[in-house]
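Engineer: Got a structure for you, written out below as structure tokens; questions coming shortly.
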Amino acid sequence: MDRPVTSKPRGICRYYKTPRGCYAGDDCKFLHGAEEKLTPYDKSKVCRYYIQGHCTRGTRCWFRHELVKDPVDEELKHLDENMCNICMEKPQTYGLLIGCGHVFCLQCIRQWREPQGKSPDMVMSGVIKRCPYCRSPSRFITPSTHFFPHDHPRKQEIIDSYKNSMARVPCKYFVETSASGKPCCPFGLDCFYQHLNPDGTPHVFQYGANHFMKETTTAAWPYAVRVCFRSRSRRSP
């Protein structure tokens, strides 16, 4: 599918074929050719999701994946050269942890945190929900196009943006249990996903994830899900 026009052209530029060329460059809102569909201004648009930290379209995105050059971006260039602490390769997408500043590929850190294929003792210990390098606890992973040190302000911006994005997606546990009239979510107040009542108002749980957990770590989440659904079935008519 061809990229759609996002800025209506004002006609054909009268200067792009002259010896001096078009001085407007990427800011020109006229077409540089009769066969062109996009103006230089349209072509040069930068992906807003990339700027916020993560574009899910990746190489399929219609817009430029570039950051506006400033001292902060120049500072981050060398940070993006850091290798993943698990596979020792340069990440295409980073998995940021809230508890520390170690570098991981999104895929590598997700595999580390995946309970399937690991011993029950390892899962119940909660170690897979900690940084594999320093063992700092992190309840979740944030995908990011760029790496940010633990105390960098942009890291918190990326995390907040990711959580806001997740908040627009309906929670699968809440949706599946809503038919009972007593919706449930094993993460309660701590869930990042959307919980809406039938009238569209936010549903606020009284408790968070620890209320459903046997342990204080999220390693016991399968237990929490069972508790949630057992509770739902008892309340169902």
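Backbone N, Cα and C atoms are what each Cβ position is placed from, and that goes for glycine too.
Note: TrEMBL annotation is automatic and uncurated.
Residues or ranges marked as domain 'C3H1-type' in TrEMBL: 7-35, 41-68, 165-198. Per TrEMBL, the feature domain 'RING-type' maps to 84-135. The zinc finger annotation in TrEMBL covers 7-35, 41-68, 165-198.
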Engineer: Given pairs 6 or more apart, does the domain 'C3H1-type' (41-68) have at least three Cβ pairs under 8 Å with the domain 'C3H1-type' (7-35)?
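Structural biologist: With 3 or more qualifying Cβ pairs, these stretches touch.
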Engineer: By DSSP, what is the split of the zinc finger (7-35) into helix, strand and coil residues?
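Structural biologist: Here the numbers are 3 helix, 2 strand, 24 coil.
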